[in-house]
Each structure stands twice: as structure tokens, then as C-alpha cells.
Ligand SMILES: C[S@@+](CC[C@H](N)C(=O)[O-])C[C@H]1O[C@@H](n2cnc3c(N)ncnc32)[C@H](O)[C@@H]1O
Ligand SMILES: Nc1nc2[nH]cc(C(=O)O)c2c(=O)[nH]1
Ligand code: SF4
Ligand SMILES: [Mg+2]
């Protein structure tokens, strides 16, 4: 659990936080396809804007903020609440490019748990119940994020990524879920990951199951 300090005023006196706007590429009710919560119904909010530039990124349309609508916290909270989802996953783009305090306070006030998918390359903000860190060599995570990580999910294409996974795991708290996720377009990474996990059973495998299920 991560909480930005000094949020009491926003939560109690200042209802204007419901009017704060975020650039949003899409928001939808689906099944969490990846990681420790795979298979669970969840509401996704995909903010626009990313400065990490992973060449294999599967949502490149999220990189530019421009061209995506701005939605208020109130609109996003209403949509998530109406869906009936028990938790919301904030993803992107890189969601930590935005101050997530207003959005996460809105969601928490509505009784929703808040998860985040992040590269951790910009400062943490908001109230976050579950942090999935997917670190990238293209723009490294801040040192601060590691203390709060619940799940480390490293995309693997080659042996270099396994070494990168180990370096990041060393910085995570004991008990962090350690997961390797094959890059979707690189089938040979599967053999690499299977052999690695058999030899290093503290790691597990995360697959992008929504792509098999053909849901968003
Ligand atoms: C699109 S990113 C958005 C959130 C954040 N920018 C991040 O990278 O964590 C969501 C997740 O998809 C993973 N991902 C992106 N492209 C992928 C691909 N081609 N194959 C497998 N995983 C991918 C990312 O590593 C991350 O865990
Ligand atoms: N169903 C589904 N599960 C996901 N888990 C992480 C995703 C992401 O893009 O962050 C994602 C996504 O795009 N769809
Ligand atoms: S950090 Fe995430 S959204 Fe940004 S390019 Fe990499 S995978 Fe895509
Ligand atoms: Mg995705």
C-alpha cells in the first residue's frame, strides 16, 4: 500500500478533486489478464502519455497525450462504480506521469481498491493498494518505488532481460511476487522463461491471457 502524504485536506474539505481531469485513451470493464490477479474482473483506466519508448510496446497509441480526451475524476469514478468491478487497474501509457492523488482518492472514496501497472520511472503518487512494477531498461525505475512493490513483472525477450529481472528483484521487499512475462511477439522467449523458472522456482510466469481470451 502506498499513500501520498498530506492528502487529508483533499479528501475531507475539497470536493473539487472530482473535477480534476486526466488524458484517457480508454477505460473499460474486463478481466485482468496479467500477473498475480489474473482472471479477476476489473475496471481498467488507461491514461495517455508515456516517455519510456519500449520498442515492443503493445499500446503505442497511448504514448502521446494529444488526441485523447480529457475525463474528470467524477466521470471515471462513476463509470468504474457502475461496472460493478471490485477493483480498478490504472495503466497507460505511463500512469505515474500524472499526479494520481485526485483519481485514486475518488476511487477509494467510492469503495474501490486501486491497482497500478507501472514502469516506475516517474514519482509515485496517490493511494495504491497493489503496485505492479514492470521495470524498463529504456527508462529505469526510481529508487523510491521499490519499497512499495507488490509484484515485479518483467517482460522477457532475451537472456539480458533475465539479468535485468534479477537486478530489480534484489531491490524489492521480501515476499514480492516475482513474475516473468514473455514478450507477445517473441515466441522463443517462452523456452527461455520455462527453463529459467524450473531452475529458479522463486519466479513464476505471467501470460497475457486477455490476448488468448480475446477480451480488451
Ligand atoms: C502497456 S504497459 C502500461 C503500464 C506501464 N507503462 C508499464 O509498462 O508497466 C502494461 C503492461 O504490459 C506490458 N507489455 C507491454 N507490451 C508488451 C508486450 N509486447 N509483450 C508483453 N508484455 C507487454 C508492460 O511491461 C506492462 O507490464
Ligand atoms: N485484460 C487486460 N489485462 C491487462 N493487464 C495489464 C494490462 C495493461 O495494458 O496494463 C492489461 C490489458 O490491457 N488488458
Ligand atoms: S513503459 Fe509501458 S506504455 Fe510505456 S512504452 Fe513501455 S510498455 Fe509501453
Ligand atoms: Mg495491455
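FYI, residue positions are counted from 1 along the chain as it appears here.
A Cβ is built for glycine as well, from the same backbone N, Cα and C atoms used for every other residue.
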Which of 93, 175, 204 belongs with 56, 57, 58, 134, 135, 136 in the S-adenosyl-L-methionine site listed by TrEMBL: 93
Compute all pairwise C-alpha distances among 56, 57, 58, 93, 134, 135, 136, the residues listed as binding S-adenosyl-L-methionine, and give the largest one in whole angstrom. 15
Residues near residue 54 ([4Fe-4S] cluster binding site) in space but at least six apart in sequence (CB under 8 A): 136, 138, 155
If I restrict to non-local contacts, at least six residues apart, and a C-beta distance under 8 angstroms, what lies near residue 58 (S-adenosyl-L-methionine binding site) in its own chain? 184, 208
